[in-house]
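Participant: According to TrEMBL:
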BINDING   Ser106, Glu175, His203  Mg(2+) binding site
BINDING   Arg332, Asp346  ATP binding site
Amino acid sequence: MLKGYVSMQVCCGPQCCTLFTQDAICTLNTLQTNASALEQVRRERGNPQLQLQAMKGFLERAGLTVEELDHLNIIHVTGTKGKGSTCAFTEHILRSYGFRTGFYSSPHLVQVRERIRINGQPIRKELFTKYFWQVYGRLDETKAHGGTMPAYFRFLTILAFHVFLQEKVDLAVIEVGIGGAYDCTNIIRRPWVCGISSLGIDHTQILGDTIEKIAWQKGGIFKTGVPAFTVKQPTSPMAVLEERAKDIRCPLWVCPELEEYQVGCGPLHLGLAGQHQRSNASLALQLSHAWLQRRCLPGGISQHVTGVPPAACFKPSPIMIKGLADTEWPGRTQMLRHGTVTYFLDGAHTTRSMQACIQWFKDTAAQHERNAAGPVARVLLFNATGERDSAAMLKLLVSCHFDFAVFCPNITEAIASCNADQQNFNVSVENMLTRCLDNERSWRLHNHMGDNPSTQLLIQDSLPLVLENKSDTLVFPCILSALQWITQGRDAVLAGPVKTVIPVKPSVTAKAAPIREAAAIHVLVTGSLHLVGGVLKHIDPSSNK
């Protein structure tokens, strides 16, 4: 079992390093949670102490203790929408002050190493491999007496803590996986400050089917005496957060609007696009400010007794202002231009986040279309997974007036690939394709095209080549085939010699005539962060390094 780690010590070059890293990731993938394990999580959610006790046991078997985590000076962040962006803003601000930062987030887009960052960069391959086998080895050696291995996310959380301790970071920004109270990151006892971004409906089978139940779960990260901040929330979930903070004796503040901060140089500029990022930026300012106050003033910030008062509208320092402006967070309101093809990428996967995505796309695409040399073809590339309400999201997307809607599963290529980072063993290919067909039918109904009961997948070599419809919708078997059809050879990155060209019927090629004749192509990729990651793997070579 420790063979991969031992071999790493005599690795002779980048190719060897990549090979051993892939070996570690393949081993990691064996820990992916299957359906029965997910059902066990749902059964246990009524007893959070049982889950956290199990996490503590795994942590100790890996050679760590919860007391050691106190030394990571943690910023703990949860929320439904914007928690990752908030963490990215916060990490960049504090890194700009010269602190050595750790940042744990999920999911990853292209490579699993993205989840564990040091000073803003994914942990290097050789370090990932080294620390992976250290943790895996300890856990494997201690399961002899009826023990088990932790599931995928639990393992990565333990690995992140191990990496941050070994790399001696000054602070760790920790993004909650799902919820808060029962999340395995909530083994943290003494964070320096906590934050809650915008709340909404998501993961209802685990967190509950109302926003009040979800707010209760999110408030579970509050700790006695630890300052916490939240963006403005609807009345009922805010009342739940207030009650949770009161019960836990956690001082809670509400962040001001970004426009209320005392900035003498005009409005604050953000590195992340979209109006919805402004509340995330305000939360990041409060989190970084509170962390800096504790670092520089050991007494911390003053406490309050009742209610949820507004947080102070302090004057952001030049370092904070620059940190907000320089923040990058791939896959969220991200735009990439390849010649006449412009990709708009956003991993929105709830109705609220999709509303924000649509507003960003409409505003940004319209600006570019006004400067185009001729007609612009608008194409939607969509997929949604799990329990997400894809029909509701597609209904919202109708307002963007796409010329084509294209659907595909989160499979990067239809051929076998050695890239283990994006393998998912929890959902069958058949189920993924069925979901795509359901999404395509929803789109047709929302666009008053009517259903097409004769639609069938054409199977060849166990995967469909393409689904042919007599309308402006298509379903492809993988992300690469969808991108190649959408761009029609106009993106050199997708037409390169290392890319396998997926054959399609002449009739399907003919349907793309409006795209070939357009002066430019605007592609909105949304519905799933995993879909966005698969697209980035193909169109952004730097994401594979």
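Backbone N, Cα and C define each Cβ position, glycine as well.
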Participant: In whole Å, how far does the CA atom of Glu175 (Mg(2+) binding site) lie from that of Asp346 (ATP binding site)?
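Facilitator: Rounded to the nearest whole number, the Cα-Cα distance is 19 Å.
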Participant: Express the distance between the Cα positions of Asp346 (ATP binding site) and Ser106 (Mg(2+) binding site) as a whole number of Å.
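Facilitator: Approximately 15 Å lies between the Cα of Asp346 (ATP binding site) and that of Ser106 (Mg(2+) binding site).
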Participant: When a 10 Å sphere is centred on the Cβ of Ser106 (Mg(2+) binding site), how many other Cβ atoms does it contain?
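Facilitator: Around Ser106 (Mg(2+) binding site), other Cβ atoms within 10 Å: 19.
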Participant: What's the CA to CA span in angstrom from Arg332 (ATP binding site) over to Ser106 (Mg(2+) binding site)?
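Facilitator: Counting only the Cα atoms, the answer is 13 Å.
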